[in-house]
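Visitor: Dropping a structure here in C-alpha cells format, bear with me for questions.
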Protein chains: 2
Amino acid sequence: MDILKERIMQDGKCYPGGILKVDSFINHQMDPNLMMDVAKEFVRLFDGLNINKIVTIEASGIAPAILVGYLKQLPVVFIKKKQPKTMDNMLSTVVHSFTKDRDYTVCISNSFLTPDDHVLFIDDFLANGNAANGVIDLCKMSGATIEAMGFIIEKAFQHGGDFLREHNIRYEALATVESLDDCKILLK
Amino acid sequence: MDILKERIMQDGKCYPGGILKVDSFINHQMDPNLMMDVAKEFVRLFDGLNINKIVTIEASGIAPAILVGYLKQLPVVFIKKKQPKTMDNMLSTVVHSFTKDRDYTVCISNSFLTPDDHVLFIDDFLANGNAANGVIDLCKMSGATIEAMGFIIEKAFQHGGDFLREHNIRYEALATVESLDDCKILLK
C-alpha cells in the first residue's frame, strides 16, 4: 500500500529499541483519509472470506476497525484492556506488552464473541504477536473462529508474523518494517 | 435523534447506581451504521463552527470521532489514558472516574494540540463532566480553543451539563437520560 509506505517514510519516527512512532497519523493523531484508505485495503484483501464480525483491541485499532465494519456492514467489537465494573459474562486473558514492559488483562463479553462468530481481527501493529495471542485465547474460550487478521504495520524483526504462521492464521500487513537498526526505517 | 433514542430504549440496560449499559451497540460492541448516523448528526449540529480538529478520549469516543473527522475532513486526536513511553512533549492532567471509582492520568502531545487549534470534542457519555474537565485543562495548557463538545448520551441527573454551562462551553447530546431510578430508563 504505497500511500501508507510513503507516509511512514515521511512522518514516521524511529527511536532506539526498535520503536517506530507513527503518532502523527495513526495512533495518537489520526488522518481519517488514510484510515479510510487502510480500511478499504483490508476489505479488498479479505474479500470473499466468511466474516460476520470485526474485532479489535483498544485503543489504536478502533479507528480502522469501525471503518472496516462500516464498509462491510458488520458489527465491531473492541477488546477492553481492563475489566469494567459493569461487564459480566466476560472472557479474559493476560497479554504482555514489550513496548510498555508490563502485563495487562484484556477482556471481551461472551455476549459479543460467540461460537457463531467468524472474526476478522484488525489492529495497528503486529510486533511480537502478544496481542494477537491474546485474541487467539479469547476466541478459543468463546468458541469463535478467527478467519484472518489485518495489521496496518508489521515489524517483521519482532516475529509476530512467525507466531501467526505457526498457528496457521492468515494475516495481512499493509506495510512491513524490515528493520529499524540505527534508527533508520527500512520497509519491505 | 430518534433512531438513537429507540435503540437505547430497546437495547440499553440499567444497573443500580445510575449505570446505563449500552455495550451492545455503542461502547463495547459497536453498530457502525448507528455510529455513522451519530457522526452525521454531530456534523449537522455543529455546522458553521470554526473547527480544525476533532479531539476525543480513548477508548469509546474514538469510533464516533474518526467518523466525524472523515466527514469533516479534519484530523482526529485521541487523548490517552496513560503516558506512553515514547511520547515526549506531553500535556497531562488527572481525571476522576466515578463509574470506575479511581483517578487516572490523561495526556495528549502538544504537537497535536496547539494554540492554533479550534477543537470539537467528541465522546460517548457526558456524566459528571470529569472527562470534559480534563479536556478543558489540556486545552488550557496547550492554548487550544474548545469550540464545542458533542456527546452521544448525556446523563442529565449527573450534572456534567451544568458544569459545561458554567464554563460557557457549547455542547450537544444526541440523547439525554433524565433518570435511571428504579432501573428504568427515562429519556428526555
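Cβ from N, Cα, C; glycine included.
Automatic, uncurated: that is what TrEMBL annotation is.
Summarising the annotation, TrEMBL assigns xanthine binding site to B:L20, B:N27, B:K155. As annotated by TrEMBL, 5-phospho-alpha-D-ribose 1-diphosphate binding site applies to B:A127, B:N128, B:G129, B:N130, B:A131.
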Visitor: Which of the three DSSP-derived classes (helix, strand, coil) applies to B:G129 (5-phospho-alpha-D-ribose 1-diphosphate binding site)?
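Guide: Reduced to three states, the DSSP call for B:G129 (5-phospho-alpha-D-ribose 1-diphosphate binding site) is coil.
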Visitor: For B:N27 (xanthine binding site) and B:G129 (5-phospho-alpha-D-ribose 1-diphosphate binding site), determine the Cα separation and express it in whole Å.
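Guide: Cα to Cα, B:N27 (xanthine binding site) and B:G129 (5-phospho-alpha-D-ribose 1-diphosphate binding site) are separated by 18 Å.
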Visitor: Starting from the Cβ of B:A127 (5-phospho-alpha-D-ribose 1-diphosphate binding site), draw a 10 Å sphere and report how many other Cβ atoms land inside it.
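Guide: Its Cβ has 25 other Cβ atoms within 10 Å.
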Visitor: Within 10 Å of B:K155 (xanthine binding site) (Cα to Cα), which of the binding-site residues B:A127, B:N128, B:N130, B:A131 do you find?
Guide: B:A127, B:N128
Visitor: If you draw a 10 Å sphere on the Cβ of B:N128 (5-phospho-alpha-D-ribose 1-diphosphate binding site), how many other Cβ atoms land inside?
Guide: 18
Visitor: For xanthine, with binders B:L20, B:N27, B:K155, what's the maximum Cα separation in whole Å?
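Guide: The span, Cα to Cα at its widest, is 15 Å.
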Visitor: Can you check what DSSP calls B:K155 (xanthine binding site), collapsed to helix, strand or coil?
Guide: strand
Visitor: Quick check: which same-chain residues outside B:A127, B:N128, B:G129, B:N130, B:A131 lie with their CB within 8 A of the centre of the 5-phospho-alpha-D-ribose 1-diphosphate site CB atoms?
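Guide: Counting only non-site residues, the set is B:V95, B:S97, B:F98, B:F125, B:L126, B:A132, B:N133, B:Q158, B:G160, B:F163.
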Visitor: Taking the binding-site residues one at a time (B:L20, B:A131), which has its Cβ surrounded by the most other Cβ atoms within 10 Å?
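Guide: Top count of Cβ atoms within 10 Å goes to B:A131.
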